[in-house]
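Colleague: Before I ask anything, let me first share the structure, which is written out below as structure tokens.
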Amino acid sequence: MNLSLLSAPFTRSDSQVQGIMAAVMLALVPATVFGVVIFGWPAFFLWTVTVLSALVFEAACLALAGKPVNAILRDGSAMLSGWLVAMTLPPWAPWWIGVVGAGIAIVVGKQVFGGLGQNPFNPAMLARVALLVAFPLEMTTWTLPSLPFSSSAPGLFDSLAITFAGAPAVDGMTGPTLIGNWKTELSQGRGLSESLISGHYNVLAAILGWKAGSLGETSSLLVVVGGLWLLKKKIISWHIPLSLLTTVALSASVFALIDGERYAGPVFHLTSGAVMLAAFFIATDYVTSPSSPAGQLIFGAGCGLFIFVIRTWGAYPEGAGFSVLLMNALTPVIDHYVRPRIYGRDLKGRPLDLPGGRR
Amino acid sequence: MAALSFFPFGTSGRIRGGVHPEPRKESTADRPIETAFPLPERLYLSLQQHAGQPAEPVVRVGEKVLRGQLLAAGQGAISAPVHAPTSGVVTDILEYPAAHPSALPTPTLLLEPDGENRWIETCELADPFSLPPEEISTRVGAAGVVGMGGAAFPSAVKLNLGRKTRIQTLLINGGECEPYLTCDDRLMRERAADVVDGILIMLHGLECNQAIVGIEDNKPEAFAAMSAAAAPYGGKVQVQQVPSLYPMGWDKQLIRYFTGKEVPAGGRSADIGVLMHNVATAYAVQQAVRFGRPLVSRIVTVSGSAVSAPRNVEAPIGTLLADLLAFCGHRPEDTASYVMGGPMMGDFLPHPRVPLVKGACGILALSRQEVAASDAKACIRCARCVSACPAGLLPLEMMARIRAGQLESALGYGLKDCISCGSCSYVCPSEIPLVHYFKYASGELVAREQTKHRTEQTKRLAEERQARFERQKREQAALAAQRKAQAQRKTEEAA
Ligand code: SF4
Ligand code: SF4
């Protein structure tokens, strides 16, 4: 007999795992659709390939482990992982990048640890970082946005060739991302006033997402819209996004004030790369982030700090993936040391004093 | 426990954690208390309806008794007597299943009503406030009043403690935050004056000057009725609204809400000058002290979608729950779970052929859809259980440790501070029966503790026996040596 029939409470809220996963995916829809629109069919194919392979890998692992394939697949977690991997890929990356990414996320990132809830690292970020290390060329070939059906947008067959036959991207269709550009220019001794502001960096375009970048990351605005909706639905709590974004903004402001030529300001940092996606969708991953509100604040701040540090002084242009993985590694430590205060006890877990100083 | 739990988040507000279960109170809240419940053919009076020792029968089988007559006297410091809910004949004293998940047999007294329902001679007190304060708790104790909100702790013991510790505030819980339950709501609406009178009597017995009644803001009628009833007493009894949130009826949550103070772990609310009683207890106190009527009946909510006419019934203690359910149109075939109490903290009952006890505030016959039971899935570490916990615990961590068999480690996460309120299980999207783990682990730890104690005792006894044995051997040896020496001396002397 089912335990819920025998043991209190005899009523429960209607929140369910698959509902949560579905809500997160729904929140990803605006940014994803935007990515597909500005980067064309290849982006759509890549997204499809990545999500489908995530499902196939999950099903295969479950079958191998003798677990109920259908029941678990339906929780939506594999599809969400695949989707998140797709969000972080260059939109015109070849199909096998999506397959390998999904494989790393599901098999290495999740199933080897025992499946949902057991993995120490965020599967999507693990996949992204592994791809970046293993296939640096494919992972840093960026596409410039173009209006749908405009002359620069590839047709259906060209698109199939781009995604599935590895056709080289047409010249004039590729360009660096803003962060990548900023770092190259800096390394060549040019300051910000010469590089970004002279043409490449446009705040409005950056916020809206009209720029080169990963499939689902370019539009900070749409990512934030999805994220705020998740906050409103109480799927995620405010602690991680707020502390992450504040830390990024604060560190950027401090350094921009010290030397505005070398360090980009907070607006640049907040609107480029994967910061917003990380703040609302990646760092907030339940499984790999701390469970106490205080722990979440620390975790978010840590992610934010590492993002800024890696972007500013690291060898890789993008810091989000590494930062989140680093903080994931610290999650058990944070969870061990940062716990809520228990009713009637002080912060160290000792009973509160009685009035009059007795214990 | 190596934990340095810094960052006091979630402690600034007056309320921590809590959940908003669907109230499901509509079906019973608007119906007056049903007082015309027909006397059942037989009453089953459990002698263990309260925390503490079972009561000791003082009547013989075959004896005729009157309503309100003492049937069994309280035993020990924490106990309560049991009285006859109606006039009739004591037909048996036997072991009968208790209203408890285990349905283990407990000593039970059978009473066959004679239908006359004749009271013992009760004397109405014109002015209970002229009694010496300690007399109040004496009378409350003699009337067998226990906490009516579920815990069933003998009220007199609490009142005595409150008087001795000179509490400053008497908190009256009119929260009734559990879904389905409306018996306190109806009581406050229909008998507000009696409840307030009971509160004043308790204040007198406690030699205390301030009572605060907390009523959830989803019970405007009860609030209005109680406010009106309390108005003449000039602030002595303050009626206040509290947010409707579960578990607002947890005494420590209410205390924190009203006083901003927390009861230290391992302490009692009286330690910080507060005592809490439930509204139904205040009513029972009034009936006992003013009218000399022992606690022999109670108002209980009978609800759940497997009954067609849910309502609040004033029923004699000892009524079989099956009779009460039948009175309310019970459909056994639709029932997935029988619950005594509310759905959040109530007890599962394997069957309803168990008697109504003093602490039972609800009897629910829940259908499968209502229980919404499905299999537990993997924990996704969503931390919903953490934000729901009013005690500031980490349910997911405790659960993981208990699953891994590390009970001691679960203790380090505050297992002993868990009040089994069920908020964590309620919100868990993976439908993990968290509270079930915690209850199991607590029980297991107690059992281990006892075994350890027993083993140590056996060891000590064995050691003592061994020591005694050796001492005897030594003494005998010494004695023998002495005799030998004496004998030798004698032979020497003789020689
Ligand atoms: S609510 Fe359930 S799934 Fe979420 S962390 Fe707690 S135990 Fe895990
Ligand atoms: S049952 Fe225990 S752990 Fe769960 S919410 Fe209540 S106090 Fe917290």
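Cβ coordinates are placed from backbone N, Cα and C, and glycine is handled just like the others.
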Colleague: Given that TrEMBL lists B:Cys379, B:Cys382, B:Cys385 as binding [4Fe-4S] cluster 1, which residue among B:Cys418, B:Cys421, B:Cys428 does it place in the same site?
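Modeller: TrEMBL lists B:Cys379, B:Cys382, B:Cys385 binding [4Fe-4S] cluster 1, and from B:Cys418, B:Cys421, B:Cys428 it also lists B:Cys428.
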Colleague: Of B:Cys382, B:Cys389, B:Cys421, which binding-site residues come close to ligand 2, meaning Cβ under 6 Å from one of its atoms?
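Modeller: From B:Cys382, B:Cys389, B:Cys421, counting a Cβ under 6 Å from ligand 2 as near, the near ones are B:Cys389, B:Cys421.
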Colleague: Taking the Cα atoms as reference points, how far is B:Cys428 ([4Fe-4S] cluster 1 binding site) from B:Cys389 ([4Fe-4S] cluster 2 binding site) in Å?
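Modeller: With distance taken Cα to Cα, B:Cys389 ([4Fe-4S] cluster 2 binding site) is 11 Å from B:Cys428 ([4Fe-4S] cluster 1 binding site).
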Colleague: Got a sec? Which of B:Cys382, B:Cys421, B:Cys428, the binding-site residues, have CB under 6 Å of any ligand 1 atom?
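Modeller: The binding-site residues passing the 6 Å Cβ test are B:Cys382, B:Cys428.
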Colleague: Taking each of B:Cys379, B:Cys382, B:Cys418, B:Cys424 in turn, which of these binding-site residues have a Cβ less than 8 Å away from a Cβ in chain A?
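Modeller: Near chain A: B:Cys379, B:Cys382.
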Colleague: May I have the list of same-chain residues other than B:Cys389, B:Cys418, B:Cys421, B:Cys424 whose Cβ is within 8 Å of the Cβ centroid of the recorded [4Fe-4S] cluster 2 site, in sequence order?
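Modeller: Checked against the 8 Å cutoff, the neighbours are B:Gly17, B:Cys385, B:Ala388, B:Pro390, B:Ala391, B:Leu393, B:Pro395, B:Ile419, B:Ser420, B:Gly422, B:Ser423, B:Leu434, B:Val435, B:Phe438.
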Colleague: In sequence order, what residues of the same chain, 6+ apart, have a Cβ less than 8 Å from the Cβ of B:Cys421 ([4Fe-4S] cluster 2 binding site)?
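Modeller: Expected: B:Tyr246, B:Pro247, B:Trp250, B:Met344, B:Met345, B:Pro390, B:Ala391, B:Val435.
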Colleague: From the binding-site residues B:Cys389, B:Cys418, B:Cys424, pick the residue whose C-alpha lies nearest to the C-alpha of B:Cys379 ([4Fe-4S] cluster 1 binding site).
Modeller: B:Cys424
Colleague: Could you name the residues, excluding B:Cys379, B:Cys382, B:Cys385, B:Cys428, of the same chain that surround the [4Fe-4S] cluster 1 site, i.e. Cβ within 8 Å of the Cβ centre of those residues, in sequence order?
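Modeller: The surrounding set, listed in chain order, is B:Ile380, B:Arg381, B:Ala383, B:Arg384, B:Pro395, B:Leu396, B:Cys424, B:Val427, B:Pro429, B:Ser430, B:Ile432, B:Leu434.
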Colleague: May I have the DSSP-based helix, strand and coil counts for the residues of the domain '4Fe-4S ferredoxin-type' (B:370-399)?
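Modeller: Taking the domain '4Fe-4S ferredoxin-type' (B:370-399) as a whole: 12 helix, 0 strand, 18 coil.
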Colleague: Work out, from DSSP, the number of helix, strand and coil residues along the region 'Disordered' (B:451-495).
Modeller: 44 helix, 0 strand, 1 coil
